[in-house]
C-alpha cells in the first residue's frame, strides 16, 4: 500500500470517527432536553421536582431580596481547569442566566483528579465537554463557548469584543468576569481587557504545591489591578504544554481547588445579588487553616495606562455618603408577660425567697408537654424531716428485740 492509499484510509477513518462523535453529541443533547423541560420562572414551592426550591429559600430567610434576578446576569469564566470547571458547575446549579466559557485546552486523563469531567470525555475540548455536562445539569442556563487562547493578538480582540458586548442584552457587557487561569500571561490579558472597558472581575489561583489558594476582587481604579502588584518571579515566553512534555508538573488537590472555587462563586453571588460583604482579597492556607483578608490599593505608578485612567476617574467620583443610622427607642417586644420572666441585675441583693423555685406552668402551649415536674423546695424539706423523725422513733433495744425474734 502506497503512502497516498494510507493517507486516504486514514481520512476515511477520521471521517467515520467524526460522524460518530457528531451522533453522540446529538444524542447527548437530546438526552439533556429529555432530562427536564426549561423552567420559565423560579418557584419557591417545596416539591421534589423543583430544582430551585432550596435557592429560593434564601428569600424566605431574608438573605437575598430577589434571587430570581440571577437569571438576568451573565458571567464569563476564563479557564475551565481545576478551579474554573468547578466554578462553572456551581454557577450552573445556582441558575445563572448566561455562562460564557473560555479555554483552548483539551480534557486529559491526568485531569481526572480535580475536574468534573469524566474519562470518556478525554480528547474533547474543555469548553465543549463542559457545555455538554452543564447543559445536562441545568438546561435553563445559556452556555456560550470560545475555544481559543486569549493571549494572542487576534484572539484578544475577540475576547475584548465578547466580554464587552455579550451580556444578557445584546450589545451590553457581561456582569462579571471570573479569572481561573493558571499563568501570568493570561491574567495580564484579562487585566488589560477589564481595565480598558472598566469591568469588575475576580482573579483566583492555587499555589504550585496545592496547599494554598486565593481570590481577589478587582474594581478598576478603586482597588489594585493585577499589574499594580505583579508577582516577584514570572516565567515568560514558556508554553505550559512544553513543561508537561519535559516532565514538569505542579501538584493539585481537588480539595484546595474546590475551596477556592467555593470562595470565588460565593463572593460572585454576593456581588451579583447584593447581599453580604464581598471580600477584596481572601486567601487560604491549608496547612494551618489560615484565611487572610485584606484590601489592595491601586498603584499610582502602574504600568497599565488604562489603570491610571481608571484611577483618575475614580478620584473624581463623589464619595458615597454614609447614611446616619437613626436610633429609635426600643419598645417591649411582647405586651404581656405570660411566663412571668423577669430580668435581675447581677449585683442585685438576694431576696429571702430567692431559692424558692417558681411554680411550674403546666400549660406551655399546644403540642408541648413537660417531661417531668420538679419537686418544690418545701416538699423536699418535708420529706427529709419525715425520714429523720421515723428513724428517731425506734430505739436500739426495740431493734435488737425484733432481730432476736426473727
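The backbone N, Cα and C atoms fix where each Cβ goes, glycine too.
Record features, source Swiss-Prot:
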- 249: active site, glycyl thioester intermediate (ACT_SITE)
- 82, 103, 126, 149, 183: ATP binding site (BINDING)
- 225, 228, 302, 307: Zn(2+) binding site (BINDING)
- 378-393: compositional bias 'Low complexity' (COMPBIAS)
- 373-397: region 'Disordered' (REGION)
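Feature annotations (Swiss-Prot) mapped to structure.
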| residue | record | Cβ contacts under 8 Å, 6 or more apart |
| --- | --- | --- |
| 82 | ATP binding site | 111, 114, 115, 206, 252, 254, 257 |
| 103 | ATP binding site | 78, 79, 80, 81, 84, 125, 126, 127, 147 |
| 149 | ATP binding site | 104, 155 |
| 225 | Zn(2+) binding site | 191, 194, 195, 218, 298, 302, 304, 307 |
| 228 | Zn(2+) binding site | 296, 298, 299, 302, 304, 307 |
*Determine, for the Zn(2+) site, the additional residues of the same chain whose CB lies within 8 Å of the mean position of the CB atoms of 225, 228, 302, 307; present them in sequence order.*
191, 195, 224, 226, 227, 298, 299, 303, 304, 308, 311
*asked:* Out of 302, 307, which of these binding-site residues shows the lowest number of other CB atoms within 10 Å of its CB?
replied: 302
*Among 82, 103, 126, 149, 183, the record's ATP binders - longest CA distance, Å*: 17
*May I ask you to report the DSSP-based helix, strand or coil state of residue 307 (Zn(2+) binding site)?*
helix
*Tell me, how many other CB atoms lie within 10 A of the CB of residue 183 (ATP binding site), whichever protein chain they belong to?*
16
